Amino acid sequence: MTKRASQTGNSREKLHCSFCGKAQDEVRRLVAGPGVYICDECISLCNEIIAEEPQSGEKTAIVGDIPKPTEIKKILDQYVIGQEQAKKALAVAVYNHYKRIFHNERKAGDVELEKSNIMLIGPTGSGKTLLAQTLARILKVPFAIVDATALTEAGYVGEDVENIILKLIQNADNDVKRAEMGIIYIDEIDKISRKSDSASITRDVSGEGVQQALLKIIEGTVANVPPQGGRKHPHQEYIPVETKNILFICGGAFVGLTDIIKQRVGVKSIGFHSNEVVNDRGRKIEEGESLVHHVIPDDLMKFGLIPEFIGRLPIIATLDELTIESLKSIFTEPKNSLLKQYQKMFDIENVKLKFTESAIEAIAQTAIKRESGARGLRAIVEEIMMELMFQIPSRKDVLEVVVTDDTVLKKEAPITILKGDIEKIA
């Protein structure tokens with residue numbers, strides 16, 4: 001017994017940490033693994049190294065290299081046709097937002113720059129979401145889109161406002177530090193306007209209540225985000241997220257807003273039998289010019305947004321309603337235009353795809369009639385191309401497909417040019 005005990009004791013004395021080489025009696029604890037040992041000191045050192053690693057990568061790709069407003073707009077031009085005023089406003093706002101972050105982090109001077117979130121106002125399909133998505137891609141920051149109509153204030157059926165932060169964390173591969181520098185686009189923000197421009201004693205859980213709930217998050221606070229989403233409850237753990245550096249872009253169509261603006265600017269008579277709409281500064285609003293470009297915070301208050309909420313979104317960028325010409329350009333010109341995407345899909349099958357000018361005109365006219373904007377273009381083209389895309393992969397005799405206006409307007413089949421036809425001509 002004694003001999004075995006002493007042998008065991010001797011064997012224990014020979015145990016050493018596989019990493020630092022210290023003996024068992026030189027450290028407080030030695031943890032054994034399959035053929036290896038690690039002491040408590042090495043474990044502590046490993047924890048410190050792991051804790052330091054996220055800090056080295058917590059800055060986004062834009063640190064020290066924020067694209068200038070002119071550079072941002074130039075890239076936006078590749079993806080979004082028209083909307084010059086909105087692109088310039090967004091380029092300046094985004095540049096100033098990230099410049100502010102780095103200024104405040106360096107604590108340069110006594111002046112702390114305040115956060116400026118953005119309100120995008122424009123018709124359905126005018127490019128609001130695409131602008132926000134493209135900005136996030138330019139800046140290489142996490143991006144999340146949420147629908148304001150799904151949100152309700154705490155205590156009611158629906159999503160808590162903190163869940164919008166969770167989507168950003170998920171899109172940042174669960175890297176909270178990266179998410180804290182991201183962009184959140186809240187769509188259909190006009191749908192959470194209160195039902196009248198006067199305060200009500202009745203509960204408006206999807207309107208004014210949601211605006212109140214969003215205030216702190218948009219302004220900047222430490223939000224406690226439930227890791228699994230859904231409603232909060234007292235016994236779950238939360239992810240603390242600092243929102244002061246998250247850029248919030250809120251977008252909406254604001255149907256009826258132009259009527260409010262028109263009531264404010266009024267119609268003034270100039271000379272005999274002539275009426276001209278002028279803005280508050282007396283400048284004539286030209287025929288065809290959208291009244292939405294003359295929106296002021298008071299108009300949004302009358303629409304149903306509360307003053308505190310409007311104050312958190314000081315930058316207002318407005319988008320024009322799309323015309324037939326702009327829809328034609330959107331279909332053909334951008335870097336990843338719908339035309340180029342479909343041509344690429346057919347090219348993979350070794351088939352050329354062509355749309356005649358009259359076909360493109362007809363597609364744009366159809367989108368205008370449906371009031372679906374740019375996003376309606378894909379649905380129209382899908383209807384036209386569905387049967388062809390079903391057949392083409394199985395056919396090896398098709399050389400080229402030509403879509404005409406009759407294909408769009410009369411639902412006739414596109415013209416197909418077969419390889420045999422070319423051989424006969426030759």
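Cβ atoms are placed via backbone N, Cα and C, with glycine included.
Features as listed in Swiss-Prot:
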BINDING   Cys17, Cys20, Cys39, Cys42  Zn(2+) binding site
BINDING   Pro123, Thr124, Gly125, Ser126, Gly127, Lys128, Thr129, Leu130  ATP binding site
DOMAIN    5-58  domain 'ClpX-type ZB'
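Here the features listed in Swiss-Prot are placed on the structure.
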residue : record              : CB count, 10 Å
Cys17   : Zn(2+) binding site : 21
Cys20   : Zn(2+) binding site : 13
Cys39   : Zn(2+) binding site : 24
Cys42   : Zn(2+) binding site : 18
Thr124  : ATP binding site    : 17
Gly125  : ATP binding site    : 23
Ser126  : ATP binding site    : 27
Gly127  : ATP binding site    : 29
Lys128  : ATP binding site    : 26
Thr129  : ATP binding site    : 16
Return one of helix, strand or coil for Cys39 (Zn(2+) binding site), based on DSSP.
strand
Distance from Cys42 (Zn(2+) binding site) back to Lys128 (ATP binding site), taken between C-alpha atoms, in Å:
53
In sequence order, which same-chain residues at least six apart have a C-beta under 8 angstroms from Leu130 (ATP binding site)?
Tyr79, Val80, Ala374
Give me the count of other Cβ atoms within 10 A of the Cβ belonging to Pro123 (ATP binding site).
18
Beyond the site residues Pro123, Thr124, Gly125, Ser126, Gly127, Lys128, Thr129, Leu130: chain residues whose C-beta lies within 8 Å of the centroid, for ATP:
Gly122, Gly251, Leu319, Gly373, Ala374, Arg375
If you measure from the Cα of Ser126 (ATP binding site), which of the binding-site residues Cys17, Cys20, Cys39, Cys42 is the nearest?
Cys42
Would you list, in sequence order, the binding-site residues among Pro123, Thr124, Gly125, Gly127 whose CA lies within 10 Å of the CA of Cys20 (Zn(2+) binding site)?
none
Rounded to a whole number, how many Å is the Cα of Cys17 (Zn(2+) binding site) away from the Cα of Thr129 (ATP binding site)?
57
Inter-residue Cα distance where the pair is Cys42 (Zn(2+) binding site) and Pro123 (ATP binding site), in Å:
61
Cα-to-Cα gap, Thr129 (ATP binding site) vs Cys42 (Zn(2+) binding site), nearest whole Å:
50
Does DSSP give Leu130 (ATP binding site) helix, strand or coil?
helix
Cα-nearest neighbour of Cys39 (Zn(2+) binding site) within the listed binding-site residues, Thr124, Gly125, Gly127:
Gly127
